[in-house]
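K.L.:
Provided herewith is a single structure, encoded as structure tokens, for subsequent inquiry.
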Amino acid sequence: MSSTDTLSGQVAAADAEILLAQPRGFCAGVDRAIEIVERAIAMHGAPIYVRHEIVHNKYVVEDLKKKGAIFVEELEEVPSGNTVIFSAHGVSKAVRDEAAVRGLRIYDATCPLVTKVHVEVAKMRQEGVDIVMIGHKGHPEVEGTMGQVERGMHLVESVEDVRRLELPDPERVALVTQTTLSVDDAAEIIGALKAKFPAIREPKKQDICYATQNRQDAVKFMAPQCDVVIVVGSPNSSNSSRLREVAEKRGVAAYMVDAPEQIDPAWVAGKRRIGVTAGASAPEVLAQAVIARLRELGVTNVRALEGIEENVSFPLPRGLNLSSAA
């Protein structure tokens, strides 16, 4: 069968193969955040409240709901005396203070690499330095980082924003970035900031996290070998969206799916090489489900590409040790 409307059967080219990006899927921060929720439920019983989606992935959130997690956007939705978990994206100082004042039991699932940026911001503001943050307006990580201090933060999303930016003292300025940005886009904006503010201070180590960079590099390597790329990730996942953009910028059609049934057979019709990757918040079970769906469409071979092997882990918060959660 050759119709692109076919639900299964031979749609892809007869010799089609799947190329699997390496690395892909969960990063250490996401693994840690999910484990924090699961252990908190095991220790304290359901329900456990989580402020914002623990990570931006529908499958993960729905799975944790079944286990007893309740996701809220504001602390006022958490009844007094209950447990609240801050999502991997981090929260503002005001949210943290409110939770403490209300006497809520707090577990902080903020990714340690996001916390590193929070520490940088607080330190530089204590020194009287204005801070330019490169990030996406409205993203919870950006709101959390901007909310570490009361003033002196300036958000830019583009080179054009940099052109319009005016600061009180161009000699006392520093930059930080959202951890899930496009490495290439961030580099362009950083270049514009350096040109406009030559004295601008950069972090000793870039804020874009290792997992974001590794997954983008893997797509840069994979995309030129592919006729089409499928990214496993939810629409509200910043890092997953960046992977799709990275492939598209290399001239390859790229699509993002939350579930295998979202794959349009027309995407792979007649295609010989189909790249598959997954955002840092997307579980491997979804990537494997996508592979299974592509097999239904006639792809018989799967080839894992070479790439970086990640061996990163982060410690859990105090009180969530193995013996307590057993």
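Cβ coordinates come from backbone N, Cα and C, glycine included.
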K.L.:
Per Swiss-Prot, which one of S158, S281 shares the (2E)-4-hydroxy-3-methylbut-2-enyl diphosphate site with H56, H89, H139, T179, S237, S238, N239?
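P.N.:
Checking S158, S281 against Swiss-Prot: the (2E)-4-hydroxy-3-methylbut-2-enyl diphosphate site match is S281.
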K.L.:
Do me a favour and check the Cα-Cα span between S281 (dimethylallyl diphosphate binding site) and C209 ([4Fe-4S] cluster binding site); whole Å is fine.
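P.N.:
Approximately 13 Å lies between the Cα of S281 (dimethylallyl diphosphate binding site) and that of C209 ([4Fe-4S] cluster binding site).
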K.L.:
Cβ distance under 8 Å to H139 (dimethylallyl diphosphate binding site), same chain, sequence separation 6 or more: which residues?
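P.N.:
Expected: H89, Q178, S238.
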K.L.:
So what sits near S237 (dimethylallyl diphosphate binding site) in its own chain, CB-to-CB under 8 Å and at least six residues off in sequence?
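P.N.:
In sequence order, the residues whose Cβ lies under 8 Å from that of S237 (dimethylallyl diphosphate binding site) (at least 6 apart) are V55, H56, N57, G279, S281, A282.
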K.L.:
Given the recorded isopentenyl diphosphate site (H56, H89, H139, S237, S238, N239, S281), which additional residues of the same chain have their Cβ within 8 Å of the Cβ centre, ordered by sequence?
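P.N.:
For the isopentenyl diphosphate site the neighbour list reads V55, E141, T180, N236, S240, G279, A280.
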K.L.:
Sort out for me which one of T179, S238, N239, S281 has the most neighbouring CB atoms within 10 A, since those are the binding-site residues we care about.
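P.N.:
When each Cβ's neighbours within 10 Å are tallied, S281 tops the list.
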